[in-house]
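Since the structure comes first, as structure tokens, the remarks are kept for the end.
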């Protein structure tokens, strides 16, 4: 199967990468082309031959309205989906009205794969519908040509016996145009001596719908004489596409031709019956014989020379309810003249179970039944399909009643056809109070709301709609999904009030944290800059004072303590400046970095230390050796982690540092594992990455290393975790977003 070709109009590379990642997560097999201007967009439409177009709204040179207009002028019959930031409801409705197939918000990209598949399915259905429509038009044209050029006269009359259609041959045969006969009773134009025959034919047609009944009537000609017409009438009142009796006949003056055509029609009827697996039977109660047609014998899987009788015929029906039903209905038909119309199971002569439909009418003479006959049809395929459909419907109902979502279904007239228990619970309306009623009669206040618009939009455009809204009446938040179907609309919804409240609380907390961070950074900036000059002055004064000969020993001691304190304060200020400098460097340009190369550079720079401590370095970057990032940051992170492992080595044990990479679907993991003295995480887990936090006093240090590592990792958009036990070593895991392979 060819890969799906996606043309993406987007000028922000990170947004294009994010869209690609969501599509790949959905296991969609595609090839993409990203363009960011009008010229490349036009070129992509003509040369890339896309299967679908994704478009941002606002670009430097033009917008989605212009892109949609350019796309529509190409005549391409493919989906056009808008992917943009938050937009107004009016804009969404407008872009859909202009021809876009859907729109996706950039913060809701999880809906993109489903929306894309729905759009592709819709265009597939449109193509299939167009193909079927063209085939229907061809068939209709052919049928009309056959009818209008046929020598047979064809008349359609309704249940009241009134003319509703005639072929051109009728006017040639009778002299009457359709305008003269439309709405007139057929019986009016039948000879008085043939009226009883006409009534008998109608009675037989009503007893045997779909079965052609032969007739021979004399019809009035426009010139006043009668013509002898012979043909058949078929009762197709139950066929919704026809809903009439079809009378097909010709003039007896062309007797030979009429006979040939009649035989031809009979052959066609036999073929139709064979295709439809419709046979016949006749039980002669006078002579006590039973006749089966060839198709009936075929259905029973008996030989052509098989001669049935009443008892053996009944024995073919399955024991139990099926056999009891046929015997009871046959008995009532013979005694009371009721019509037999049953769908039952038989067991054929070859032992196969088969569903059949048997229709029968009794014939009476002097109040006594002398014959019982009718049609015998193989309905096994259709019946089993119905049983499976019923089973599927029952399973569907079971599922709909067990799901956690509320659900209701609407037909094309907005009548509620289904309402599950969860819908009762969430919306507070009983199933029996809403089934069969119009949705807008129940929820009149909802007319004109977002739900009203979304429901009509889904029905009109035959696409899925997903949205959230607050229900003022119930004081709850609802997440709603609308799916169109051949029968109307299916609506799923759930109460998301708790989630919404949690989101609001989370946003409030994040705002508070950001505000506190800004305050802390501002405080750090003030401390590091405003104290720098006074501290430098104090350092200078203490240095000068220490060199002054006239100062007493007591003052010198005090000056020594003052000098130590101010130097310590100066170091703190320098550290603060270093932290602020790190946070300010994040704007540097990223580049492709080879991880193993950085490790080797670090090892070269500390070669003397590595050799002195006999450090063994084990590297494995086979899973991934490249990362798009800030090289200076990554160098600093790796340097600090390696230096820490050497600094906090296990006494009496040769240091071993293992560095390796792993990849996930969209991330690169880098681990640093050593066999050093470790950290008691049960005691210090909350302080490991803190500023000036030290856990081993026998080793010289300031407690800046891990703080800087975490600061730089997070500045690169990554995460760092630690796993450590005392005397068992330490393992740091770095996780970065891997953007090297995104288009």
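In case you wondered, yes, glycine gets a Cβ from its N, Cα and C as well.
Nobody curates TrEMBL annotations by hand; they come from automatic prediction.
Residues or ranges marked as domain 'Response regulatory' by TrEMBL: 5-121.
The domain 'PAS' feature in TrEMBL is assigned to 139-195 (among others).
The feature domain 'PAS' is assigned by TrEMBL to 392-444 (among others). Confidence for the domain 'PAS' (392-444), expressed as mean pLDDT, is 87.
Here TrEMBL flags 526-740 as domain 'Histidine kinase'.
The 4-aspartylphosphate feature in TrEMBL is assigned to 56. DSSP classifies residue 56 (4-aspartylphosphate) as coil under the three-state reduction. All protein chains considered, the CB of residue 56 (4-aspartylphosphate) has 22 other CB atoms within 10 Å.
Look at the domain 'Response regulatory' (5-121): DSSP puts its residues at 59 helix, 26 strand, 32 coil.
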